[in-house]
Every structure is written in structure tokens, then in C-alpha cells.
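Annotated in TrEMBL:
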type     : residues                                 : note
SIGNAL   : 1-22                                     : signal peptide
DOMAIN   : 23-324                                   : domain 'Plant heme peroxidase family profile'
DISULFID : Cys33-Cys111                             : disulfide bond
SITE     : Arg60                                    : site 'Transition state stabilizer'
BINDING  : Asp65, Val68, Gly70, Asp72, Ser74, Glu85 : Ca(2+) 1 binding site
DISULFID : Cys66-Cys71                              : disulfide bond
DISULFID : Cys117-Cys320                            : disulfide bond
BINDING  : His189                                   : heme b binding site
BINDING  : Thr190, Asp242, Thr245, Asp250           : Ca(2+) 2 binding site
DISULFID : Cys196-Cys228                            : disulfide bond
Amino acid sequence: MSFLRFVGAILFLVAIFGASNAQLSATFYDTTCPNVTSIVRGVMDQRQRTDARAGAKIIRLHFHDCFVNGCDGSILLDTDGTQTEKDAPANVGAGGFDIVDDIKTALENVCPGVVSCADILALASEIGVVLAKGPSWQVLFGRKDSLTANRSGANSDIPSPFETLAVMIPQFTNKGMDLTDLVALSGAHTFGRARCGTFEQRLFNFNGSGNPDLTVDATFLQTLQGICPQGGNNGNTFTNLDISTPNDFDNDYFTNLQSNQGLLQTDQELFSTSGSATIAIVNRYAGNQTQFFDDFVSSMIKLGNISPLTGTNGQIRTDCKRVN
């Protein structure tokens, strides 16, 4: 992480979150649940051995959680149909809830009522990246869990896979995130899978043109059309977000964008939007994996510190799916 970027992140946290964020600490569980990291790592390691998407599922939950009312575990709640964030369009089909439940059960067996579901998402995201050969970082703890979900916030604040860059940028800046954060965090698509429904609009009739998205590489287009045929029953068909090293956390996502082989519209927009400052960032990460890792770590820490509930706010849910 560059010095200027580090200082910028610190100033951002102080300005936005003030004293409440000082309650987040790397040593928060040192006396109350000292084995929290090893317990979560044990569950994540076991799950990732049988499901290569485990880490990607968790980091998506963490991102989508933090973008709605801050990092408060609200995405995990099963509430009535008018409130649940799980059923918002951006979260339909999201996985990883069962992994969170397994982690929570393991923690409750050792240190009951201590570790929040919001902290589980933050820690499991870091561990999932490390298990996929990505960078590590010091996770801060002390978040509490919310008592309510925010369906309308999930509808408005989480970028959909069909957005233009012009729509995505304010979604990030509204959370105190800049263009570097947008591109770096998009790099999490270097592992995981996506359903046909998240990108098939690019394959045949893009924006009602009757033609495919012209930013899709021709060979890649043929491959995707074979995986997701027009008019086919593609609801449960997945393909890799990163076509070259789908299970590894690396910078191939960015070299794919340079070759017009980004899977989602929101991916390729980072490189194919004419005149955008994101192009230079993509090029920088494509040529320097260390720089990508450094910026990704900075952006993940920044993400995890968006408006946490701390102190007497919120609660520690004993079941991540429901309020105590």
C-alpha cells in the first residue's frame, strides 16, 4: 500500500466514522474469543476444499452487506418479505449463507454470544482470499449486528451486473469509495462463478440492438453463447468470472479485461468506457499484481469500516438468520 493511499484511508475513516470507528480493533476478541481466527479458518478451509466458490460467495456477501446500512450483517437476516435483503434482485441466487451458519455454530460452541455475524463476514472474506492464494490483511473487529434489514437500500445501493460505469461511480462515492476502490474491489471477480442471467443480455440483444455487446471478444462470445444459448433454460448454469485462473486470486481478471474477456458488463465497463480514468487503473493492475494486491487490501479495510454498529448499538446475534 502506498504511503499516500494509506494516509488517505486513515483520514477517510476519521472524517466519516469519527470516534465510533475507534472501537474496531484487531485485538477485540483477544480475551473473549482468542481462537476466533483459527476457528473461522478451519471452517473456511474445509468448505473451500469441497466448494471452490466458497471464498467468492463470502466476499460477495460482505460487500453487499456493507453497501446497505454499513457492515452490520443485515444481509444475513431472514425477515418478512417486504424487508429481507436476501430477496432483493442484486442478492437473488447469492450463496454462502450456509457457510456463515457453519462458522457461527463453530464459534458459538467455543465462545457463545461473543462474535458478531458482521465480524464473521469480514474475517471469512480475508481468509477466503488467502486460501485462494491472494493477499492477507489485518481484520479489525468489534462490529455489532443490526436488528433490521433494508430491502429498499439493497435495491438502490448495490451495483447490478448490468450497470454502466456512470451508474456505478456514484454508488461507490456515496459510500466514501473512490475509483481506485471501485476497480480494486471489482478485482474480487478474479475467482468465483456467475449465472447466465447476469451476463446473457450481452450475448444476443445488447440494449435492444439486436446484436451482441461489441466489447465482447469474438471468440469469447462464441464460447459464452454455447454455455448460455439464446432461449435456453439457463437459470442454474454457471461459468467462471475469470476464464484463465478461475479458482486463484490473482491479477488475471485485469488482463482478461484488456482482451475484452470480462464476463459481466460491469467488469468490461472498467476498461471499455472511452476516456474513463479506470482504464489506467486496469492497466496498472494487469501489469503489476503486487500493486493490485496492495490496493485491494486497502479497499477491503475501507469497505469493512463503512458505518459499523459498535458499542451499545446493535447486538451479537446467536443465529445470523434472525434477531435474538
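Every residue gets a Cβ built from N, Cα and C, even glycine.
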How big is the gap, in Å, between the Cα of Thr245 (Ca(2+) 2 binding site) and that of Cys196 (disulfide bond), rounded to a whole number?
19
Looking at Cβ-Cβ distances, which residues of the chain lie under 8 angstroms from Asp250 (Ca(2+) 2 binding site) while being 6 or more apart from it?
Lys133, Gly134, Thr190, Gln289
I'd like to know which of the recorded positions Ser74, Cys228, Asp242 sit within 10 A of Cys320 (disulfide bond) at the Cα level.
Ser74
Near Ser74 (Ca(2+) 1 binding site), which of the recorded positions Cys33, Arg60, Cys66, Cys117 can be found within 10 Å, Cα to Cα?
Cys66, Cys117
Return the member of Arg60, Cys111, Cys117, Cys196, Cys228 nearest to Asp72 (Ca(2+) 1 binding site) in space, with distance defined Cα to Cα and candidates limited to these recorded positions.
Cys117
Just to verify: the residue among Cys33, Val68 with the fewest other Cβ atoms within 10 Å, which of the recorded positions is it?
Cys33
In the predicted model, what is the mean pLDDT computed over the domain 'Plant heme peroxidase family profile' (23-324)?
95
How many neighbouring Cβ atoms, not counting its own, are there within 10 Å of the Cβ of Asp242 (Ca(2+) 2 binding site)?
27
